[in-house]
């Protein structure tokens with residue numbers, strides 16, 4: 001069981017053995033705070049729970065792309081699931097072996113394909129026939145052979161948010177599963193690709209095992225069809241998407257996940273690849289923010305903070321819920337308020353109608369479960385510098401990304 005690295009002791013919120021208020025005092029806000037212990041425990045939980053399959057665990061870089069995080073997970077044995085040349089660049093800088101990197105995404109450019117082939121990545125998960133031919137053409141020009149798998153769209157509803165569902169037939173991802181044999185035959189006709197894998201990804205976060213088993217049943221039917229045509233593969237990539245608790249969601253354990261996929265993985269006879277991201281980093285980080293003003297109106301109360309949708313876009317983009325807690329509990333009366341940021345959009349909020357201990361200007365709040373798709377989706381909207389990131393290890397904290405300055409905002413612009 002993974003222990004929660006964020007906890008209260010004598011009304012003070014801690015990350016591991018460090019008071020969050022100490023970190024805020026030293027580094028300021030907005031501040032992303034990550035727990036090294038939590039990252040590694042979560043990774044170990046996945047690795048241990050799936051050990052029977054000897055899997056390749058490819059961390060989903062899109063969820064948290066900081067090089068220090070990638071380096072830490074790479075040293076623990078993780079590979080990487082990437083979707084861009086920039087993510088590949090980060091992984092290489094972090095020292096993750098290219099043989100543990102798989103490349104997904106619907107829009108790989110020829111420049112990105114060339115970069116990936118030159119780097120020697122393990123596998124491209126192909127999402128369209130034009131992409132297949134682009135990979136073949138680039139590989140031909142380089143005098144090499146690209147290892148590929150096909151990402152098949154199984155038309156399975158993962159019962160998650162409509163904007164993060166990726167396995168339904170109307171989604172842009174993957175190739176229609178009904179024509180899978182045609183794709184592998186087409187690959188067989190090309191001299192510079194070799195089909196070694198079959199792939200799916202249903203979306204995220206997923207709170208039920210049923211979508212996985214339904215989709216795997218369909219993938220195994222494809223493998224049976226391929227076998228009758230003497231097409232054999234090496235790897236089964238089932239994506240990620242494992243849900244975490246943000247509020248009171250009922251999640252499944254890695255052990256339960258292993259039990260559910262066991263008959264399918266065993267019958268496939270293929271090497272298992274999984275791509276967890278949120279599951280490893282979501283509850284491994286928080287966003288600390290300071291209260292600028294408390295604004296009370298006859299209609300609604302607003303707690304205005306120095307963190308906006310540029311720092312954490314999940315609530316306005318997806319309607320996502322994040323618990324918001326005081327960094328220092330004082331036992332004061334509670335109030336109901338919208339917790340908002342400084343951005344000039346009515347959609348700029350972190351929580352609506354929240355009952356919370358009434359803060360004052362300068363008090364600090366913690367937005368929980370912010371380790372995944374927090375900083376990685378942040379922006380400079382309204383010309384706001386992006387937050388600092390720190391990694392806590394027991395009693396020590398290190399800056400893994402410095403706070404941006406106004407100079408950083410214009411550094412790349414031609415003047």
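Cβ coordinates come from backbone N, Cα and C, glycine included.
Any TrEMBL annotation is an automated prediction that lacks curation.
Bear in mind that the values here come from a model prediction, so they are computed numbers and not experimental data.
As annotated by TrEMBL, domain 'Orn/DAP/Arg decarboxylase 2 N-terminal' applies to 55-281. Feature annotation from TrEMBL assigns N6-(pyridoxal phosphate)lysine to 62. Residues annotated as pyridoxal 5'-phosphate binding site in TrEMBL: 241, 275, 276, 277, 278, 373. Taken from TrEMBL, the feature substrate binding site covers 278, 314, 318, 345, 373. Annotated active site, proton donor per TrEMBL: 344, in sequence order.
Taking CA atoms as the reference points, residue 62 (N6-(pyridoxal phosphate)lysine) and residue 373 (pyridoxal 5'-phosphate binding site) are 7 Å apart.
Nearest to the residue listed as 'active site, proton donor' in space, judged by Cα atoms and limited to the binding-site residues 276, 277, 314, 373, is 314. For residue 277 (pyridoxal 5'-phosphate binding site), the number of other Cβ atoms no farther than 10 Å from its own Cβ, over all displayed protein chains, is 23. In the predicted model, residues of the domain 'Orn/DAP/Arg decarboxylase 2 N-terminal' (55-281) average a pLDDT of 96.
Residue 373 (pyridoxal 5'-phosphate binding site) has its Cα within 10 Å of the Cα of these binding-site residues: 314, taken from 314, 318, 345. For residue 276 (pyridoxal 5'-phosphate binding site), the same-chain residues that are 6 or more apart in sequence and have a Cβ closer than 8 Å to its Cβ are 46, 57, 59, 60, 240, 242. Nearest in space to residue 345 (substrate binding site), taking C-alpha to C-alpha distance over the binding-site residues 241, 275, 277, 278, is 278. Looking only at the binding-site residues 318, 373, the densest Cβ neighbourhood within 10 Å occurs at 373. Ranking the binding-site residues 278, 314 by how many other Cβ atoms lie within 10 angstroms of each Cβ puts 314 at the bottom. Between residue 318 (substrate binding site) and residue 278 (pyridoxal 5'-phosphate binding site), the C-alpha separation comes to 15 Å. According to DSSP, residue 278 (pyridoxal 5'-phosphate binding site) is assigned to a helical segment. Residue environment of residue 241 (pyridoxal 5'-phosphate binding site) contains 27 other Cβ atoms, counted within 10 Å of its Cβ in all protein chains. Of the residues the record lists as binding substrate, namely 278, 314, 318, 345, 373, the two whose Cα atoms sit farthest apart are 27 Å from each other. On a Cα basis, residue 314 (substrate binding site) lies 15 Å away from residue 277 (pyridoxal 5'-phosphate binding site).
The separation of residue 278 (pyridoxal 5'-phosphate binding site) from residue 314 (substrate binding site), Cα to Cα, is 13 Å.
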